[in-house]
């Protein structure tokens, strides 16, 4: 199971792991962590902001919804192409679903371009991301060709069904989303732990100072014979 799950990684995981591991090392030697900006946008660069956006939990949810929507569009296209619904719908309906599907694929193409710009070579370290990108590009090319040649789907219909395999992206998106949320919670807990450790250290220091003050006052009272020494 662990051998399979290691392929369900998303771009940005490596960077976050390195930064959080470095923070763990620094906590042992420096003051506890304060509330700091997200690691990806700490540099205030466009690439950093884009990394944060593409790795965020909300963006993963949007991708999951679009994948489900795209799968539904493809399913309707297949049913229409097989003429299972031909008598029940107008002839323009297939074109509408086809262009809707292309619109969703265009968003996925932009997502891939954004990831390539933001993460560069790190993108190719994640096999599932590369496989997903290949399916998107192939599907987009087929859809563009299909606009001008309606008969091409009869010859390569099985290729467009590859897009239904993108449902696996839902599984990947859920795993990445849950993992990201868990890592963010763990990161916040580490920050809270650091803050609490700092407060404990301050309280211990105050207690030590109070004990010293009590000892000094006790000694002063003894010197003035307020009460005998024990």
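Glycine is treated like the rest: Cβ placed from N, Cα and C.
Across the coiled coil (178-225), the prediction's mean pLDDT works out to 88. The feature coiled coil is assigned by Swiss-Prot to 178-225.
According to Swiss-Prot, the topological domain 'Cytoplasmic' annotation covers 1-58 (among others).
Marked as topological domain 'Extracellular' by Swiss-Prot on the basis of similarity to another entry: 80-96 (among others).
Remark: secondary structure over the topological domain 'Cytoplasmic' (120-127) totals 7 helix, 0 strand, 1 coil, with classes taken from DSSP. Sequence annotations record features per position, and here Swiss-Prot assigns topological domain 'Cytoplasmic' to 120-127 (among others) based on similarity to another entry.
What Swiss-Prot lists as topological domain 'Extracellular' is 149-155 (among others), and the listing cites similarity to another entry.
The feature topological domain 'Cytoplasmic' is assigned by Swiss-Prot to 177-230 (among others), with similarity to another entry given as support.
The feature transmembrane segment is assigned by Swiss-Prot to 59-79 (among others), with similarity to another entry given as support.
Sequence-distant neighbours of the transmembrane segment (97-119) (same chain, 6+ residues past either end, Cβ-Cβ under 8 Å): 11-12, 47, 50-51, 54, 63, 66, 69-70, 73-74, 76-77, 80, 129, 133, 136-137, 139-140, 143-144, 146-147. Taken from Swiss-Prot, the feature transmembrane segment covers 97-119 (among others).
Positions annotated as transmembrane segment by Swiss-Prot, on the basis of similarity to another entry: 128-148 (among others).
As annotated by Swiss-Prot, transmembrane segment applies to 156-176 (among others), with the evidence given as similarity to another entry.
Break the topological domain 'Cytoplasmic' (177-230) down by DSSP state and the numbers are 47 helix, 0 strand, 7 coil.
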